[in-house]
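Colleague: Residues or ranges marked as N-linked glycosylation site by Swiss-Prot: Asn546, Asn568. Among the features that Swiss-Prot reports, intramembrane segment is placed at 848-878. Residues or ranges marked as S-palmitoyl cysteine by Swiss-Prot: Cys852. Annotation comment: Swiss-Prot describes 1-48 as region 'Disordered'. The topological domain 'Cytoplasmic' annotation in Swiss-Prot covers 1-392, 496-507, 605-615, 698-713, 751-769, 810-847, 879-918. The feature topological domain 'Extracellular' is assigned by Swiss-Prot to 417-424, 466-474, 531-583, 637-676. The annotation transmembrane segment is assigned in Swiss-Prot to 393-416, 425-445, 449-465, 475-495, 508-530, 584-604, 616-636, 677-697, 714-732, 733-750, 770-790, 791-809 on the grounds of similarity to another entry.
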Amino acid sequence: MENDLSFGEDVMSYEEESDSAFPSPIRPTPPGHSGNYDLEQSRQEEDSNQAIQSIVVHTDPEAYLNLNTNANTRGDAQAYVELNELMGNSWQETGRWVGYEENFNPGTGKWGPSHVSYLTFKSLIQLRKIMSTGAIILDLQASSLSAVAEKVVDELRTKGEIRAADRDGLLRALLQRRSQSEGAVAQPLGGDIEMQTFSVTKQRDTTDSVEASIVLSGVMDSLEKPAVAFVRLGDSVVIEGALEAPVPVRFVFVLVGPSQGGVDYHESGRAMAALMADWVFSLEAYLAPTNKELTNAIADFMDCGIVIPPTEIQDEGMLQPIIDFQKKMLKDRLRPSDTRIIFGGGAKADEADEEPREDPLARTGIPFGGMIKDMKRRYRHYISDFTDALDPQVLAAVIFIYFAALSPAITFGGLLADKTEHMMGVSELMISTCVQGIIFAFIAAQPTLVIGFSGPLLVFEEAFFAFCKSQEIEYIVGRIWVGLWLVIIVVVIVAVEGSFLVKFISRFTQEIFSILISLIFIYETFSKLGKIFKAHPLVLNYEHLNDSLDNPFHPVVKEHIEYHEDGNKTVHEVIHERAYPNTALLSMCLMFGCFFIAYFLRQFKNGHFLPGPIRRMIGDFGVPIAIFFMIAVDITIEDAYTQKLVVPKGLMVSNPNARGWFINPLGEKKPFPAWMMGACCVPALLVFILIFLESQITTLIVSKPERKMVKGSGFHLDLLILVTMGGIASLFGVPWLSAATVRSVTHANALTVMSKGPKPEIEKVLEQRISGMLVAAMVGVSILLEPILKMIPMTALFGIFLYMGITSLSGIQMWDRMLLLIVPRKYYPADAYAQRVTTMKMHLFTLIQMVCLGALWMVKMSAFSLALPFVLILTIPLRMAITGTLFTDKEMKCLDASDGKVKFEEEPGEDMYESPLP
């Protein structure tokens, strides 16, 4: 398909033809066209044309938003464009482009900030008009600007665009000296928004392969009419003195003419420069075999342009529909019809024949087939897993992830000790994290995962401890038999390749569980604070209590007598903890203070104060900073008592009077019931469900194709390693671990290498094992910080739990839809679940999830809390049941579709402690 555009004096006529000798490689599908292209015809046409190198085109639907695709991509090349305008006796550089535009301000002598090019419709019409009559020279063999200039003036003279007497004057003008504008780039107000601090020159100089376009535009009153020439060099060459940097030149565009010619030379020059900076137009210009295809490329560019009527824009928010409309137009623009274009999403041309990406969850039909595939896929890269760690970015990731892993270890350790009466605590959790983390990083198929303790496991430990206590069974011994059954279950699941079941866990189930854990965190925080107020009550006047016999500030000993059948009796003495004045108020201040500091630093991270790297660093370490401040406050207030984190000295267990480092499977203080050894398979199945959910979903998130990891994942092998280590860990009385979603995603993000630009694109991930090993080892060594850890107030950790519970709600679609229940329809977001589904259906879906959430909460608060994972699994068949009955497939795709886009750059209100599964 070709576009034949002819221009009269004041009107543009647009006419499409269907006899194209060279189909545009990227062209919008015309109305009524089915989109079926004759690939065989394209191959025949390709054979008849001159050989053209293979082209690589990004096919990511969001690629047009990124710099690397906004700029020209030919293999590894990017397009760099300079606009030079004739001013007196020299050419002055006034603009430059690498996808985005920078303009030189002669008044200040500085370059302005980068911005999206904006063009007048008149300049495009003028450009199209003069291009239809100008000189177009394709595949010129020249290595100097003088050779190009001579060819241009001769071609213009031959076509009658200039008079013979004008030839020498035009040649002298084209060869005038060039004045490069070397002023500093001006920083815009609010200066560290990524779009504004993007630098064209930095992007140009840091890119390995660049090709340049020179645009020369200016007024020459000696000419009779405007003259235009477009030159495509056969080979890109460095032309000395032509550009401000030694970049190979591929295209040269010349536009000169009289001031009375009816052409705005500045705007027309900017329009041509913007065209050359557009990767689709530049690609078509590179492939065009004749003049007509080049003019058609301009028509294609205009087809995708948007004209804003000359009305006042009172609010920037009014431009949002334009942005959404432009995204749709740009997606429609990517219509490949030329087999010379190799679609690889940024891959090299020689990678076009690579095998399609293997599905790691595909079943082989043989026992342990999935695990064997995981091992073959990953272990062939084992040596590179260590050599790839020789990168400074890995060291930076280790330091960052260490604090990201240490804070939850301390927080969960303190809460675990409180829930289990110190049968397990900080020391056990830190040692477990250290040993299991090192082993996992050393042999796992996906060492990018960070393993650790999590909220769901804490809920299970609390429920299992309460069950054992009610049955007068030794909790720490029962965990051994649960661990043994865990190993048996995981071997069976891995043997039958059961990891494929993760495909059935949709957003419907994930978000219900996510909000449940968040609510548990919030509830437990205020529950603990309430217990402190009860143990240390507030009294209006303390003085009269000094002489009272019922002084609440002294320990109270109460006796409980138990009579036996043989006539003997046992006297139990219960010592109630002494109540302290001001403890409750100080505890509340420490809890909310820790929460608000962490929350403020989270907001500060996405604010405008301080340079971006410093601000983000402070925000990333917000939780440790908040804990440190609360320690300082607690130390300065000496007269008030607060409960501190209990940490044993050295490698001692948390409760040395009740247990040691090795647990006797047959019982520590009394024989373990034989029936319970077999019955432990039930809690083992439940805790396996939790580990399976967290680990497999985390692996699914980290291993998404959009992250461009190349060494494979380990759904089967990693699950076997995790659960087997947990089973062995039970013998030593240390916690089970699972893949921690937040820490794993943060680890992957820290190891990700991004392209430069206002909307960076993932280039690769430094997949290696060293960072995971070092982080785990450093967490283990941190147990030596016992003197410092003992200074942490427990209520400060409650504040962190409140922080984790509240921030984890951010970004959960179910929570957003719950808020929409009280939001007017006109304020609904532009997301598919709110715009493509009726309001009643959307609210019905939300209410179903809320009913499931309520049922799970009732189970959690009842004596059957151990059954929580089983009840959670029941939401999977429920989701299948409502599909096709209450909701159509299209509605479910909008309401329950998984988000395939990787969120690397954190949005406002989002940080490393947020997670779908806290």
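Glycine too: its Cβ is placed from the backbone N, Cα and C atoms.
How about a rundown of where these features are and what they're close to?
Modeller: Counting only residues at least six positions away in the same chain, the Cβ atoms of Ile512, Thr875, Leu878 sit under 8 Å from the Cβ of Cys852 (S-palmitoyl cysteine).
Here the topological domain 'Extracellular' (417-424) has long-range neighbours at 458, 461-462, 465, 475-476, 528, 646, 654-655, 658-659, 733-735, 794, meaning same-chain residues at least 6 beyond its ends whose C-beta is under 8 angstroms from one of its own.
Counting residue by residue with DSSP, the topological domain 'Extracellular' (466-474) contains 5 helix, 0 strand, 4 coil.
In terms of DSSP helix, strand and coil, the topological domain 'Cytoplasmic' (496-507) has 8 helix, 0 strand, 4 coil.
According to DSSP, the topological domain 'Cytoplasmic' (605-615) comprises 5 helix, 0 strand, 6 coil.
Per-residue confidence over the topological domain 'Extracellular' (637-676) averages out at a pLDDT of 81.
With a cut-off of 8 Å between Cβ atoms, the residues of this chain six or more beyond the topological domain 'Cytoplasmic' (698-713) that come close are 357-358, 360, 374, 377-378, 381, 384-385, 445-446, 448-449, 502, 738-741, 744-745, 748, 752, 762-765, 767, 900-902, 916-917.
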Colleague: Relative to the transmembrane segment (714-732), which of 449-465, 475-495, 584-604, 791-809 accounts for the most Cβ pairs at distances under 8 Å?
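Modeller: Out of the listed stretches, 475-495 contacts the transmembrane segment (714-732) most.
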Colleague: Find the member of 425-445, 449-465, 677-697, 770-790, 791-809 that has more C-beta pairs under 8 Å to the transmembrane segment (393-416) than any other listed stretch.
Modeller: 770-790
Colleague: Rank 475-495, 677-697, 733-750, 770-790 by Cβ pairs under 8 Å to the transmembrane segment (425-445) and hand me the top one.
Modeller: 770-790
Colleague: Considering only Cβ pairs within less than 8 angstroms, which of the stretches 449-465, 616-636, 677-697 has the most against the transmembrane segment (475-495)?
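Modeller: The listed stretch sharing the most Cβ pairs with the transmembrane segment (475-495) is 677-697.
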Colleague: Between the transmembrane segment (449-465) and the transmembrane segment (616-636), are there at least three Cβ pairs closer than 8 Å, leaving out pairs fewer than 6 positions apart?
Modeller: no
Colleague: Look up Cys852 (S-palmitoyl cysteine) in the DSSP assignment and reduce it to helix, strand or coil.
Modeller: helix
Colleague: Counting each residue once, how many in the topological domain 'Cytoplasmic' (698-713) are helix, strand and coil under DSSP?
Modeller: 8 helix, 0 strand, 8 coil
